[in-house]
């Protein structure tokens, strides 16, 4: 039986790899032997990590089951294409043969035995040969498979990298094949190599990969950046929930010591290079990464744009010799490597020395506020009605002399609800204003008060996709000690992965995951258990409904009903029927609102347990 399962996995991987191999050979300077080596090393790495996590459980069976499920590293990034996945590390990295072997050696402990004192703190490739030269532009060209819309967005992403770093790129359609260059092509998904590897080096911008932050992410790989959560210090900021990872993908959550260099920069949970909270999830909703500080949970996985520390990573790696003299920039800013008399400022800050607020976008809002002992309030555009509009941004800088600043959310609170916030309010109250702050969205108002570490803080409002109510926040000067008031983190205890004799012996169920929705009945949560024997009957994972309280009344409902009154015809009648109940607390189908609680007797719920 084991032989048949392994044979199935081999045949499936072979069929997928035939298509994937042709794509990789066409757009990268790699041959059959290199591809075979990379594929073999990644398979060994997967088996090694699987054995460490699950003991003697059959890898082949898990790999077969996992191959049927979609995989993504962030909800804001497309799923990994199965044809190329056997050759990709961490979902979107095509390793060189040397890189793959080095990672396997490090993870298996071979290097640590021969070099026990070697250790680093890393997020940028440490190999000197992996850096592109700064004496000439990085050449690139577009393959004919790239459509005009993708070309336009790639050019915008390249220009943004150029605007904030010392790097220069040059479109060279006639670049010689023996030169080093990047080739953008429409492949199966979004992926890239790490750093400069020589010759033609592809960056796949596949279908649904054209969002600015996704393209910037893949270019980041091409110029030397690894994923943020691969740093050896990542466990101080995140916890990996192995119970909820697709078992054959646990190797994609390894922390490594020797491949890359952090250049002394702090960990950034808002990096565009960070996994999302449901990366490689068994059900695309259970969280595989839990932030140690739960206030950052909705920050990780963003694909809006480069974070300030993403930019500083490249500037430290490539541009540290561009500006001499002292750094007069304030609040974590530093001289722009192309204009040394200008400061690059952390998100939300601006001005000659980074002491002012960043100008607003498509709204009249923001400002620099001198905090007093009495409460002062700010609010998002249009709060609470008609609410904010898409693609707006506001920035406030709060300052006080000799005291700290206390913040508290008041009145109403509502944003587009996503696991990684797309529309959000962000709070930066730490002593270091460079890293991304806490980001909140959805419908639950943050409870309690928050106190800054120093006498300055930054609040950022950002909308990208929708209109909604937004937020209102009040602030005052205080002598209270710095604090946040996060809800406790629910840490899942991973069952011991020891394989024992016999059959059908399960470990205890793990803890329930967080609910995927805050109200309305359509949220789910799940938990898993580990088979202690080689085979077990029954379900490895079970699901439960959760948060059955009806959602609040939509603040835009009255506006929609008013618009509907001027509409006539059959289409408008259907719209009127759909809107007729929007002045009542809402439940998701198949639930109905019964005295404020969402209830249903639908057979669809037969597969769901009731969590206790």
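Glycine is no exception: its Cβ is also placed from the backbone N, Cα and C atoms.
For 1-16, the entry in Swiss-Prot reads signal peptide, with the evidence type sequence analysis. For 15, 163, the entry in Swiss-Prot reads N-linked glycosylation site, with the evidence type sequence analysis. Feature annotation from Swiss-Prot assigns domain 'Peptidase M12A' to 123-320. Taken from Swiss-Prot, the feature disulfide bond covers 166-319, 190-209, 329-343, 345-354, 365-394, 515-546, 519-551, 531-536, and the record attributes it to sequence analysis. Annotation comment: Swiss-Prot describes 217, 221, 227 as Zn(2+) binding site, evidence class sequence analysis. The active site annotation in Swiss-Prot covers 218. Summarising the annotation, Swiss-Prot assigns domain 'EGF-like' to 320-355. The domain 'CUB' annotation in Swiss-Prot covers 365-478. Sequence annotations record features per position, and here Swiss-Prot assigns domain 'TSP type-1' to 503-552.
Under 8 Å from some Cβ of the domain 'EGF-like' (320-355) lie the Cβ atoms of residues 164-166, 307-308, 311-312, 395-397, 426, 428, 432-434, 436, 456, 458-460, all in the same chain and six or more residues away from its ends. Between the C-alpha atoms of residue 343 (disulfide bond) and residue 536 (disulfide bond), the distance comes to 61 Å. Of all the recorded positions listed here (217, 218, 221, 227), 221 has the Cα closest to the Cα of residue 319 (disulfide bond). Residue 546 (disulfide bond) counts 22 other C-beta atoms within 10 Å of its own C-beta, drawing on all protein chains shown.
Taking the C-alpha positions, the distance from residue 329 (disulfide bond) to residue 217 (Zn(2+) binding site) comes to 27 Å.
Residue 546 (disulfide bond) carries a strand DSSP state (E or B).
Long-range Cβ proximity for residue 394 (disulfide bond), meaning a same-chain Cβ under 8 A and a gap of 6 or more residues, is found for 360, 361, 363, 365, 366, 380, 381, 460, 461. Close to residue 345 (disulfide bond) in the fold, though at least 6 residues off in sequence, lie 308, 329, 331, 332, 333, 351, 354, 358, each with a CB less than 8 Å from its CB. The secondary structure of residue 343 (disulfide bond), as reduced to three states from DSSP, is extended strand. Excluding 217, 221, 227 themselves, the residues of that chain whose CB lies within 8 A of the CB mean position for the Zn(2+) site are, in sequence, 92, 93, 192, 218, 220, 225, 226, 272, 273. The two recorded residues residue 531 (disulfide bond) and residue 209 (disulfide bond) have their Cα atoms spaced 37 Å from each other.
Residue density at residue 227 (Zn(2+) binding site): 26 other Cβ atoms are found within 10 A of its Cβ, drawing on all protein chains shown. In the predicted model, residues of the domain 'Peptidase M12A' (123-320) average a pLDDT of 93. Same-chain residues at least 6 positions away in sequence with a Cβ under 8 Å from that of residue 519 (disulfide bond) are, in sequence order, 443, 547, 549, 550, 551, 552.
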